[in-house]
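Heads up, the thing below is written out as structure tokens.
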Ligand SMILES: Cc1ncc(C[n+]2csc(CCOP(=O)(O)OP(=O)(O)O)c2C)c(N)n1
Ligand SMILES: CC(=O)[C@@H](O)[C@H](O)COP(=O)(O)O
Ligand SMILES: [Mg+2]
């Protein structure tokens, strides 16, 4: 297997293959995809669906000069295999290996590092405009965008502008009827029209035959007839929307038929102005289990295959992940409070909201990949007296910054934000690590910023939020929820929870760093040091009484957070201490410095950043030395550093 794929160093090598060899190449690419997902979580069904499209694109265009952006970028694996990264492919999504999204540091064929949906039409328009301005107008420009990404508002901003500029660019709509879950929204229904009529090729032949029966009396009639044909075709195929926006709509065509793809790409390649080519694909195409269950196989847990393409085992993820705890808490509160609704932005599966959707279809809202809208929509619901819970990943919620500011915080509306994947999300890497939210949420007056220290805190914080008459954000990472054994202290606005107190120093953990902080403190206590641990719970409002007591009465204060230091929890502590004239020289912050964190296993990344128990232990030891804490280390051992 892979006799052909392993010989490809550049897309230019594709030209040497016959049609039969290209068919074999597609099979080899699918085999490589199956192999890579058998021992790690990676994007699978989306990649299976674009194999022929990717081969056709690289046959028709020269992307060493032409511009290509894969929107979102989770379907970029075939592109990576064809652009000289076959031999590195086994390192996919491993620390230090290939990224699971486009990465310009890997190849000049990757122009933008992406992972968030919807920006491709804008960046391709920008590339084309820049190339034209700088005398490279011979370069073609292509964006490939999925039907799930298409409803993102930015796509329409870009198309609106592209139609104005009349730039020669191609948008390929990869329509597989799926986001991660089945696609939602009115736009999807427009696209569905295209599935009720013959594919473009057949339709075009029929219309051409009809037109040929009409004796043409001159250019004006022909022009009118062609326009009639295009309007008829576009209205039949749901393309009218794009035609009205100023894009030439072509399609739909079969996105798994290599010859058809090449024919149409050759045709549209030299059309003037913005063109949208509507391509039908099947998510999971070519691997039956994935085609039958593209939701499960979007990023399946590792699985093994039988020879007949059946799947032997799929390892389920941990059932006590924070995500599950949160979705169960949301479900419970929806059962007892009819004011409560939940909103997701195309991440129903990722947010584990399937049961909520089934039981409360009228109070479950999937807006599609439209996070800005989701937040403003929730604000409207809150204004009407409902209690919306916006359940959006930390990194994707960044899309809604202005709506959080204007529609929620400024109005002081009771919207509850559940920020899943807050912190390091592991193999998805820098586009997905949710590490900025404490900073951006803390900026807004009225916003309460919380993070559960363990599983028990999650439902308690949600209950608090829904009783609180203002905006609240609750952040938690993509990992198993810890369960800290202690007499539970109810969640109270601006109050932390003191788990241990010790004069030699205090570790103040914000969020899910609590368990590692407890472990580090326990090791230090074994060395004879009296180290306290505080479960901060709130970054805003801060529990200044407890924090100032730790500052004034203990040897040092070490804050620990799974997020960037800039504007984070530790910054809040420094700001508060400074504002009230307390010492700050013995306050040390653990978190993420001014850097983007690469992809890798979550545990590896935490250890690299010193945010695991060992790192916290070592940081505390350094603070102990700095504080001049002298201790008889018991058995006379050297300092336990
Ligand atoms: C702004 C943003 N929100 C949410 C996501 C999560 N997400 C990744 S892929 C995906 C579905 C994309 O569907 P589509 O564009 O149709 O691609 P397909 O997987 O069907 O090929 C979603 C919701 C994201 N990457 N970016
Ligand atoms: C491409 C994308 O953004 C999603 O597929 C994301 O990778 C899902 O992340 P989880 O697997 O953590 O839900
Ligand atoms: Mg899709």
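Sequential numbering from 1, following the chain as shown.
Here the Cβ of each residue, glycine as well, is placed from N, Cα and C on the backbone.
A TrEMBL annotation is a machine prediction, not a hand-curated record.
Per TrEMBL, thiamine diphosphate binding site is recorded for 74, 115, 116, 117, 148, 149, 176, 287, 371. Taken residue by residue with DSSP, residue 148 (thiamine diphosphate binding site) is part of neither helix nor strand, so it is coil.
Residue 147 (Mg(2+) binding site) is surrounded by 25 other CB atoms, counting those within 10 A of its CB over all protein chains shown. The Mg(2+) binding site annotation in TrEMBL covers 147, 176.
The feature domain 'Transketolase-like pyrimidine-binding' is assigned by TrEMBL to 320-484. For the domain 'Transketolase-like pyrimidine-binding' (320-484), the model's average pLDDT works out to 98.
The least crowded of the binding-site residues 74, 116, judged by other CB atoms within 10 A of its own CB, is 116. Cα spacing between residue 147 (Mg(2+) binding site) and residue 176 (thiamine diphosphate binding site): 7 Å, rounded to the nearest whole number. In the vicinity of ligand 2, defined as a Cβ distance under 6 Å, the following of the binding-site residues 74, 116, 147, 148, 176, 371 are placed: 74. The thiamine diphosphate site in the record is lined by 74, 115, 116, 117, 148, 149, 176, 287, 371, and its two most distant CA atoms lie 32 Å apart. In the three-state DSSP assignment, the secondary structure recorded for residue 371 (thiamine diphosphate binding site) is helix. The secondary structure of residue 74 (thiamine diphosphate binding site), as reduced to three states from DSSP, is coil rather than helix or strand.
With respect to ligand 3, the binding-site residues 74, 116, 371 contribute no residue with a C-beta closer than 6 angstroms to one of its atoms.
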